[in-house]
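So that you can see what the record holds, here are the features copied from TrEMBL:
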- 1-79: domain 'PDZ' (DOMAIN)
- 97-118: transmembrane segment (TRANSMEM)
Amino acid sequence: GLGFNIVGGTDQQYISNDSSIYVSRIKKDGAAYLDGRLQEGDKILAINGKELKDLRHKDAVELFRNAGYDVSLKIQRRLQPQNGPVDHQGDGESGGLPLAAILVPGLALAATAVWILLRYRQRM
């Protein structure tokens with residue numbers, strides 16, 4: 001497979017009044033994960049030049065299954081998170097930490113180290 005799951009379609013709308021196809025999950029170590037360009041939440045507009053407008057979910061799935069070895073996707077990146085029923089199949093994998101959760105403590109630690117260094121130099 002291509003290494004990702006999709007949601008949406010005319011019969012299973014992921015977002016109200018929007019029958020588009022969206023990436024719901026990137027499978028770790030799958031083709032999409034290893035490529036690194038596709039992200040969860042991306043809207044897939046076309047696959048191998050075929051637009052995904054007004055398709056039932058199962059028809060979209062069939063297009064992906066029959067896409068072949070070289071696959072070209074036209075996507076629209078989701079700019080801000082939206083609430084929606086993304087199904088992660090209970091795989092227990094974390095989505096990772098937000099960047100601020102890493103940067104803020106790191107900057108605080110660096111500022112403290114600089115302050116200690118300056119205080120130490122003043123005493124010498």
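Including glycine, each Cβ sits where the backbone N, Cα and C put it.
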If I take every residue in the domain 'PDZ' (1-79) and average their pLDDT values, what number comes out?
93
Helix-strand-coil residue split for the domain 'PDZ' (1-79), DSSP-based:
14 helix, 24 strand, 41 coil
